[in-house]
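In what follows, a single structure is set out as C-alpha cells and then discussed.
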Amino acid sequence: MLVPLSWLKDYVPLPGGEPPAGSPLTSLPLPVDPAALVERLTIAGLESSGVKVFGLPVPATLRVKPEDAGIVWERDKLLVAKVLEITKHPNADSLKLVKLDLGTGEPKTVITGAENIAPGQSGMKIVLGLRGSRYFSQTKDGKKVVLTLEPKALRGIDNDAMCMSDYELGIADESEGIIILDDADPAPGTPLQDVLGEIVVELDILPNMARCLSMIGIAREVAALTGVKTTINEPKVEPVAETIDGKVSVAIADPKLCARYTATLIRNVTVGPAPRWMRSRLHYAGMRPISNAVDITNYVMLEHGQPLHAFDYDVLVTRAGGRAPTITVRPARPGETLVLLDQGAKKPEDRKATELSPENLVIADTVGPIALAGVMGGLETEVSAATKTILLESACFDFVSVRKTARQFNLFSEASTRFSRGVHPAQAGPAAVRAAQLFRDHAGGAVLAGMVDAYPAPLPPQLIDLEAADIRRLLGFDIPGAEVVRVLTALQFEVEPDGDDAWTVTTPPTRLDIQAGAADLIEELARVHGYDALKERLLPLELPDPKGNRSLELEDRVRDRLVDQGLQEVITYSLTSPEVEARLSGGGGSSVALLNPLSPERSVLRLTLLPGVLQVAKLNLEHTDSVSLYELGAVYVPKASERLPDEPRRLAVVLCGRRAGAAWDDPQGTAPAQYDFYDIKGVIESLAADLHLPGVSFSAVPSVPWLHPMRAAQLRVNGTAVGAFGELHPKAAAAFGLAERGVQVAELDLEAVLAAVPDRYGYKPFSTFPPAKRDVAVVVPADTPAETVLAEIRTAGGDLLTAATLFDVYRGTGLPDGTKSLAFALTYQAPDRTLGDKEIAKAHEKVEGRLRHVLKAQIRGKDIT
C-alpha cells in the first residue's frame, strides 16, 4: 500500500519534531523524520518495500532508489501561478496565450497547447515552470526522459516558461492536461514544493495485518508506536428532509456470504472532476483519478479500508419498470451473464458479457445481476456524466467467495484485495457516511435521510480478560499497566481495569484477527513495544540434557554412507500427477488426490519416490553422462478406513549412465561400461553393512512392475523383505526417456530398515595373523542365485572363513547348456595362530565338498575344465 505522509498527517501527528534549519525537510509541511518512521513501522510488522519522493530533495537519512527519487522541483523555478487572462495565439489555432500572476506585481505571458483550459477563462491557479526548470518528457519511441526548459519561439512569439501537467512533474504516468489547483491553494508565487511536494512510503501489508489496508489503520499503528493521539473524526452528514424510505429495498440470500449490505441515496449529483487535493492523493496512492463519483469511493476505501460502489439509481429504477428497485445479494444462477466494467475494450459496445456460475456472488435486481460482489460493477449501472442520483453500496462480503471469484475471472483490484483479506461488517456504516459527506461537499449531492441497512446477524464485540501475569508468562518480562492501557487504546481497543494488574478488553469493530483471546492482545503489546527492544538474558535454570532422535540420527548415517559411495541427495516434490505415477507402475494407482490442486502436474500425493528421482536423473543426463542419486522422504499410502493416508518413509536410489570409477570386471576403470545390477547391489550391501543389519540376505523378487524380471532382487533382514532393487524395467525406462541408459534403481522401506538397526552390536577383534586367500569357481544351473552358493560356502567354511565375495559370473563357451560359472574369493584366517597349508587345504576342500554334495555343483579346474 502506498502511504502519502501528508495524507497520513490528517489523522496522526507524525513523529520527529520540527526539522533543523537547512534540513531538506524544511520544505516538507510535515514535522517528521521519514527514515525513523519507516524503520519503526517495519519493526512493528509493516515492512516498507520502498519510498518514493515527489518534488522534494531526498533526506540524507532516507534510502530511496534512483528511479523513485524523481526530480526536485526547484523552489524558484516551479511556482503557483494565477490565470489573469487566456486568449488565442494569433498564429496558431491550437495554441493559447495565458497571462499569469506570479505574485511579483508584473504579469507574465506564456504559451500553451493545453486542452483543459480555453480562451475567456480566468481565476484558476496552475503550475508554472520557469526557464531552467527540469521536467519529464517522452521521446518518439515512448522512452521517459528528463529535459531542462529553455527559451523557444512558438509560431513567432518568444516563450521561456511552461504550464505543467502531472506527467511532466512525475506525479502521474500520463497527462490529462495541465494541473489546475484548488482555489484554496497558496497564493501566486508559492513554490510548488510547498503545495504538492510529497514523500510516499510503500508498505507490504501481510494478510494478518489486513486492518492496515487503510490510512486510518496505519495512523492507529503510528499512534501506538509513537505515543501520540490520533485525530480521527467520526464522519457526519446533514441529510435533506427527503428520506430513503420506500425508494430501495435490500435482501440478503445467505448471511454467510454477505454479512451486511447498506444502501444510501444521494440526489442532485454533478459528475465532474474531483478536487485537486483528492486527485493528488489518489495519484500518490497509486490510483488514477476518473471522476468525482468514482474518486470519492476510491478515496474512502483508501481512507477507511472499506470498498464502496456507486450505482446509477435512475438506471435501476428504469430496470425495475419505474418502481423502487430491490437489491438482492445472492449466488448467480446458471446461465446468467454480466457485462463488467474495465474489461479492456475501449468502447463499451465492444465489451463481452461474462458468464457466471453459482459459485459467484452477485448484486442483482429483479432483472438480473448488476455487479460481481466485492470484485467489479456492471457496465449498465455505472455512474456516467449524465448520472444525477447515486445509490451508494457499502457492504461486507465473504472473503473466500470474493477471492475465488477474483481468481476465476483474473479481476484483482484494490477492492477485491481488501475483501479477500477480511473486512469487518461494522465498517460499512461509517464509510458510507464519510462518502456521503464527500458527495455533498464535492459533487453537490443531497443526501437523503436514513440508510437501508441489512445486517442479519451483527457481530458482537469480544470481551477478553487480560492479566499482567499472562503478559509476563508469555513474554518473559513486565509491561507497565499504564503502557498496556495506552497501547491497546491507541489500537482502538476499549480497556477497563478489573482489579490489580488485570483488565477487561473489548475488541474494536475493525479487528477480525483477534481470535486467540489474551494471547492475541499480548502479541500486539510485544509488537508495539518492539521485538528489537527485548533484552537478552540467560535462562535462570540449567538446560536439560537434549533427548536424541534415533530415527533422525540413523537417517543421517544413511546419508553419510550413500554420500561416501559417491551418491548425491535430491529432494523432489511430494505432489505429482497420475500420469507420472503410471509411467512406473504401468497403470493407474490409488493415489491421494488434492481437492484444489494448483496444476494438473501437482494433483496427487506420491506413492513412491522413484518417479521424482528418475525425472531429476533425466534432467541431469542432459549435462553429464553419469548420475548417481538418492532421496529420503515420505510417500502417501491411502487407507480405506481412514481419511488421512499413511506416510511411511522410503529410501530411493538411482544409478544411471556411465559407471563412475572402477568395478570388479574393470579394475582400472577404463571401460565406458554402464551401471549394472551389481553396482546397485553393492550400494545396498555397503549400506546394510554400515548399519550392521542382522540376517541380511537377498532373494528373488516377486513381480514388481518397475523392475526387470530377470535382473532384480529383494533385500531381506531377518527373513523380512524390506525393499527391492535391480535394473529398471525397459518400459518404465522408456517412459522416463531413459532407454538404453543402464538405469539401476532401489526403493527400501526406510522405517523397516532403521527399526532393524541394533542399538548395540558385537565387536570381534581383528586377527593379527596373516590371512590366506583362495578362489573357487563353481558351475551351477543358470537359475541358481549366487546368494544360495554363498550361504553354503559360509556354512562349510565355519569360523576360519572370514570373507567370501563373488567376483565373476560367466556364461558361454566351455560350459554345459543351462549353466553358469560363479567365481568367489575366499579368505581364511584364525584369530590365534597362523594357518598352515594343510589346515587351509582341509578347510577349502570342505567348502568344495559341500558345494558338490548340496548344490550338485562342479568345481572348475577339478570336476570340469
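A Cβ is built for glycine as well, from the same backbone N, Cα and C atoms used for every other residue.
As given in TrEMBL:
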type: BINDING; residues: D513, D520, E523, E524; note: Mg(2+) binding site
type: DOMAIN; residues: 72-193; note: domain 'TRNA-binding'
type: DOMAIN; residues: 459-536; note: domain 'B5'
type: DOMAIN; residues: 767-860; note: domain 'FDX-ACB'
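Per DSSP, the secondary structure of the domain 'TRNA-binding' (72-193) breaks down as 5 helix, 58 strand, 59 coil. Cβ proximity to the Mg(2+) site centre (mean Cβ of D513, D520, E523, E524, cutoff 8 Å) flags the following additional same-chain residues: I514, A516, A519, L521, I522, R527. Taken residue by residue, the domain 'FDX-ACB' (767-860) breaks down under DSSP into 34 helix, 33 strand, 27 coil. Sequence-distant neighbours of E524 (Mg(2+) binding site): residues of the same chain at least 6 apart with a C-beta under 8 Å from its C-beta are V487, L488, L491. Cβ neighbours of D520 (Mg(2+) binding site) (same chain, under 8 Å, six or more residues apart in sequence): I464, D513, I514. A mean pLDDT of 92 is what the model gives for the domain 'TRNA-binding' (72-193). With a 10 A radius on its CB, D513 (Mg(2+) binding site) counts 18 other CB atoms from all the protein chains. In this structure, E524 (Mg(2+) binding site) is part of a helix by DSSP. Other C-beta atoms found within 10 angstroms of the C-beta of E523 (Mg(2+) binding site) number 17, with every protein chain shown included.
DSSP classifies D513 (Mg(2+) binding site) as coil under the three-state reduction.
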